[in-house]
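Noted in Swiss-Prot for the protein shown:
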SIGNAL    1-30  signal peptide
DOMAIN    31-61  domain 'LRRNT'
CARBOHYD  Asn58  N-linked glycosylation site
REPEAT    62-83  repeat 'LRR 1'
REPEAT    110-131  repeat 'LRR 3'
CARBOHYD  Asn126  N-linked glycosylation site
REPEAT    134-155  repeat 'LRR 4'
REPEAT    182-203  repeat 'LRR 6'
CARBOHYD  Asn291  N-linked glycosylation site
DOMAIN    311-362  domain 'LRRCT'
TRANSMEM  425-445  transmembrane segment
Amino acid sequence: MGFHLITQLKGMSVVLVLLPTLLLVMLTGAQRACPKNCRCDGKIVYCESHAFADIPENISGGSQGLSLRFNSIQKLKSNQFAGLNQLIWLYLDHNYISSVDEDAFQGIRRLKELILSSNKITYLHNKTFHPVPNLRNLDLSYNKLQTLQSEQFKGLRKLIILHLRSNSLKTVPIRVFQDCRNLDFLDLGYNRLRSLSRNAFAGLLKLKELHLEHNQFSKINFAHFPRLFNLRSIYLQWNRIRSISQGLTWTWSSLHNLDLSGNDIQGIEPGTFKCLPNLQKLNLDSNKLTNISQETVNAWISLISITLSGNMWECSRSICPLFYWLKNFKGNKESTMICAGPKHIQGEKVSDAVETYNICSEVQVVNTERSHLVPQTPQKPLIIPRPTIFKPDVTQSTFETPSPSPGFQIPGAEQEYEHVSFHKIIAGSVALFLSVAMILLVIYVSWKRYPASMKQLQQHSLMKRRRKKARESERQMNSPLQEYYVDYKPTNSETMDISVNGSGPCTYTISGSRECEMPHHMKPLPYYSYDQPVIGYCQAHQPLHVTKGYETVSPEQDESPGLELGRDHSFIATIARSAAPAIYLERIAN
């Protein structure tokens, strides 16, 4: 019996030991319950894209990561995340947050990454980020911030990355980043900044990359970036910068990349780059530069990449320092530099224009002439051969004036004729070839797609040619034919003579032949017959025949042989010498 009692006591002790363990496991499981419409992965909670208007409840206090992206949260209240003291990162981007309480981040001191981008935040209190001194990454980009408070980032000594991109900031307060000693990356691009105070970036001793692109700066002085000994890259592209000055009393040896593209820079002061001896990459494209001085290119001793396209290069002798520097430059360079002037070489590549028009060779010739201006034998003038057409008058004038004016033009073939570049010939040939190919293609497609129309067109053109040939042949047949007619124009007195006396002048006219006049000695009214009328002229004179008593000869009379013509019998015979048949006129006796 005692043995059974001991066994029961041992069983009870085991149950008492296991019961607290089970309760602890159950409590832990309840504590780690995942909120509705969320996804939990260990200590990471994802409540994304479910239109949450507030922070979900029942989030485990031991969660280390919380993502509330793409929801409809509009406001962050005081102590909103107080129960989540183990949070390391918090994503609140792509919401509609417009108001943030200054105590919204109380209780999450361990937070290292806070993303508030793509919201509608217009204002942040001075102490908003004081409860999170361990922040490494703070993203406030793509909001509507208009100002930064003077102590906005106070105490953020561990901050490494700060995004303020695409807001509406107009100024940067003095020493606003004073406590951000470890800041490595600062993005202030796409704002409305017009100027920078001298101490705006004071305290950023470890800053390596600074973005100021797409703002409204009109001038830049390197003195506005004091003692940024570790800054390697600065981006100032697409502002309104017209001038650059250095104003530094120290050497900025850490800067490697400088982007000034897309501005309105018209000129660079000669000593601007002297304080940047280690500059490796320089972007000056899409500005309004016309030339670069010799002193400036001499300061580019460490460059390995440069872009200069999209400027208004003046292809005169002022471009020569840059041309020779680029010719000897072995790094990565932009080769599409186009001349904006003078007018006769606009659109040419700078390198082609300089070599074609000998723009810089003249400068070398002038220097050579200067070195020989003091000859030992003045009786023998020094003659320097030129690669272009030699003109003694020009050479002589060069010796008389050893310092030519800047507007001096090179005498040579370029003044007599305009040079045609080889690439223009190639481009024209290609354009002509493409035009012919396009025409042939259109004809081929039309022939394949509409064969009946093409056949009709060919038949129409063939018929047109046939008609034209028929007209020409008809014109050739009609041209030798002559018009024959009898012109009888009696006056009143002659009519009376003919009717009374039976005689009078009669005029017969053959067009293109001859005109004859013959008197008639007839008795009573004579009768005439026309043999083989040609064009119906006898029919045309039928009324005259009826009036005067003329009648057509009978066939029996027409066949009478031995027709004799003579003045005694008053017969007239006219034979046409053309393609028309002969006409015989015969007097018939009553």
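Keep in mind that glycine also has a Cβ here, set from the backbone N, Cα and C atoms.
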### Task
Provide, as an integer number of angstrom, the distance between the C-alpha atoms of Asn126 (N-linked glycosylation site) and Asn58 (N-linked glycosylation site).
31
### Query
For the repeat 'LRR 3' (110-131), what is the mean per-residue pLDDT, to the nearest integer?
97
### Query
Does DSSP give Asn291 (N-linked glycosylation site) helix, strand or coil?
coil
### Nearest-integer angstrom distance between the alpha carbons (Cα) of Asn291 (N-linked glycosylation site) and Asn58 (N-linked glycosylation site)
68
### Query
Can you name the far-off residues of the same chain, 6+ from the ends of the repeat 'LRR 4' (134-155), with a Cβ under 8 Å from a Cβ of it?
93, 109-128, 161-180, 187
### Query
Within the chain of Asn58 (N-linked glycosylation site), which residues six or more apart in sequence place their C-beta under 8 angstroms from its C-beta?
Ala33, Cys34, Pro35
#### Entry: Contact set, same chain, for the repeat 'LRR 6' (182-203): CB under 8 Å, 6 or more residues outside the stretch
141, 157-176, 209-218, 223-228, 235
### Query
What's the most sparsely packed of the glycosylation sites Asn126, Asn291, counting other C-beta atoms within 10 A?
Asn126
